[in-house]
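Engineer: This is the structure I want to talk about, given as structure tokens.
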């Protein structure tokens, strides 16, 4: 008799995606981060839902409602700390997942990769509107500065900014709509995740060699479901440790002060996971140029599949491009550091050089090394 999971209309979908899914036998721990992102998303939705039960999206009570959650609600402090630090862990997993995709050439599955880039943009947008909700100093000024960037759009810019604000400045209407977006977007992310998986299961997973693995595949369960469970355990332990022991490690002290439109913080900066893009934005003195560079810093990922020059998919057997890849990682770390520094010498110059290197690596250096490696191996693209 055929198992129910193989015949039932709903269980059949879950079975083909999570149980009987043919998976390359040699995928490493770098492939764990997709499922970890699913765990992060589920955790953020659950903790966010409990926070939304007690939060009020009104500028006169928003800050107080967050204080009330932490002081008076049963385990409210824990839910809030898990949610705030969960966002950081979400981005750690997200950037690692993208890094793995770049290293092993997963971007050659163009549909999956494009949906992934959309997911990245949606997650960044969700995190940005979420950061505004506690209505602290950095929340208010971050919202003001980032939304103001849209005024650089010729002709329609100023109108667009006021339309987003719902008035002539960041005010009550802005907070209310940001809360609405922050509540809605995670469900949009969940829907796009389903599309992401749909496209992935059309082609099957890549593997560390970058070679076809059809001849050597094993069922996802129990092998990789158990392997993912280990990843879940490590992530949950690390997240709870941070939430319980150093909950404010990754936050900004300015956000413990209620928003005041009359007092500007000495250094306006976003959360750590946006600092690399913020450094690129600041490295261009022109407002419109900076906004375009900021957009390009993320959207450049969408161009990667079209810049492939090597005949090999992964970087596993490509030492020259490996060196360039790790240079890119170091460069992003430098940009993250610069993004948190004041706008003064030598940080401005370092930021400009690092921004130039960032785009050069993607657009010029990696395609060149790919071509060079093929030449060295006397391979010609067919």
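Cβ from N, Cα, C; glycine included.
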Engineer: Ranges 8-28, 113-133: which does Swiss-Prot label transmembrane segment?
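Structural biologist: Residues 113-133 are the ones Swiss-Prot records as transmembrane segment.
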Engineer: Do you know which of 178-198, 199-219, 262-282 Swiss-Prot annotates as transmembrane segment?
Structural biologist: 178-198
Engineer: Excluding the flanking five residues on each side, which residues at least 6 beyond the ends of the transmembrane segment (113-133) place their CB within less than 8 Å of a CB in that stretch?
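Structural biologist: Distant Cβ neighbours of the transmembrane segment (113-133) are 55, 57, 62, 66, 87, 90-91, 94, 98, 101, 106-107, 139-140, 142-143, 146, 174-175, 178-179, 181-182, 185-186, 188-189, 192-193, 195-196, 199, 270-271, 273-274, 298-299, 301-302, 304-305.
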Engineer: For the transmembrane segment (347-367) and the transmembrane segment (288-308), check the count of CB pairs under 8 Å (sequence separation 6 or more) and say whether it reaches 3 or more.
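Structural biologist: Yes, since the transmembrane segment (347-367) and the transmembrane segment (288-308) share at least 3 Cβ pairs closer than 8 Å, they count as touching.
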Engineer: Verify whether three or more Cβ pairs under 8 angstroms connect the transmembrane segment (288-308) with the transmembrane segment (178-198), leaving out any pair fewer than 6 apart in sequence.
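Structural biologist: These two stretches do not touch.
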Engineer: For the transmembrane segment (226-246), I need the partner stretch with the highest count of C-beta pairs below 8 angstroms, choosing only from 33-53, 77-98, 288-308, 320-340.
Structural biologist: 77-98
Engineer: Any idea which of the binding-site residues 83, 182, 196, 201 has the thinnest Cβ neighbourhood at 10 Å?
Structural biologist: 201
Engineer: When you scan the chain for residues with a C-beta under 8 Å from the transmembrane segment (288-308), skipping those not six or more beyond its ends, what do you find?
Structural biologist: 98, 102, 105, 107-108, 110, 113-114, 117, 120-121, 124, 149-150, 152-154, 276-278, 280-282, 355, 358-359, 362-363, 366-367, 370
Engineer: Going by C-alpha distance, which of the binding-site residues 83, 97, 182 is nearest to residue 201 (ubiquinone binding site)?
Structural biologist: 97
